[in-house]
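Noted in TrEMBL for the protein shown:
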- 156, 157, 158, 159, 160, 161, 162, 163: ATP binding site (BINDING)
- 8-57: domain 'Myosin N-terminal SH3-like' (DOMAIN)
- 62-364: domain 'Myosin motor' (DOMAIN)
Ligand SMILES: Nc1ncnc2c1ncn2[C@@H]1O[C@H](COP(=O)(O)OP(=O)(O)OP(=O)(O)O)[C@@H](O)[C@H]1O
């Protein structure tokens, strides 16, 4: 979006900068499509007019809550507003009815507690500070008022905060649609909806370079409500799991959490599945990373099992699932050697045979 018309000598502008992405400055002179700028870090730089943008001098020092209020909706203007707000611990900003969330990379419990949900309940969109609960509330109320399904799309690059944002959306919808009427074996439907996350994350998330808890699949979460607005059911559809991660990983990444959780399980499970430290398994030891900061695999194993209980998986079903998880690890340790006949191969040694037999046992 070139704005040469509004730029003249003395104008405050943004120009591109190798390190800062954008830097502000004052126009010293203009020669055709070349603009000479004195930057705020004391340099004199020549910029093309097509990549020189007018700086909004009227913007409040705390930025604006809705970017449609910016005089210039160009990249440096948008980024400056988001950075200003982030500096004041405001991670959410609107652009009309779109919510932009900046990853704070720290827990902000006060932002998501019960009192916060109460505040946003029924408040008009835009009345309170931008928040993911406001989006969830607007979607919920539109559904109730219009009697039609509604959806919220969460997008961003890896590590941007989609998974966390989705959890907050679900938490708010569970809060709005919660009720004790639909209790199934001591578990409310909304509890089941929320507990589906740890189960999905155990089997579909992994540590990557960019995110210690990266979802390696896409998901469509459907929460069903009755005509009183109470949650009546839920369904999750998953897409395109990164399957290659099961047998191939590189440092400093990990495979899917479930493998490490199971290897850190209680002794009886380790014995039952004939497991050991992750470093003993080829599918895990291609990377030197076995541990993730602030993730206790032993505790996560118990939490995953508890979440599986809540969503209604029986003990037999859980065992069948973990048997497959263990079998995959053993299968990865089945090595082959060249056989006597051409193009033939044999099980390499006793160790490989042990893993092959264990795999067969586990898969029954
Ligand atoms: N609102 C938030 N509050 C606190 N921490 C957050 C928030 N959003 C994200 N984070 C932190 O950033 C990490 C990465 O976020 P998240 O897993 O949601 O990203 P993502 O967009 O789902 O990434 P991927 O596409 O790799 O799955 C989280 O594990 C968490 O530590």
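Note that the numbers count up from 1, one per residue, in the order the chain is shown.
For all residues, glycine too, the Cβ spot is worked out from N, Cα and C.
The secondary structure of residue 163 (ATP binding site), as reduced to three states from DSSP, is helical.
Looking only at the binding-site residues 156, 159, the densest Cβ neighbourhood within 10 Å occurs at 159. For ligand 1, the neighbouring binding-site residues among 157, 161, 162 are 161, 162, by Cβ distance under 6 Å.
Taking Cβ-Cβ distances under 8 Å and a sequence separation of 6 or more, the neighbours of residue 158 (ATP binding site) in its chain are 208, 210, 211, 214.
Same-chain residues that are not part of 156, 157, 158, 159, 160, 161, 162, 163 yet have a Cβ within 8 Å of the Cβ center of the ATP site turn out to be 103, 211. In three-state terms derived from DSSP, residue 158 (ATP binding site) belongs to neither a helical nor a strand segment and is classed as coil. Packing around residue 162 (ATP binding site) is summarised by its Cβ count: 19 other Cβ atoms lie within 10 angstroms of its Cβ, all protein chains included.
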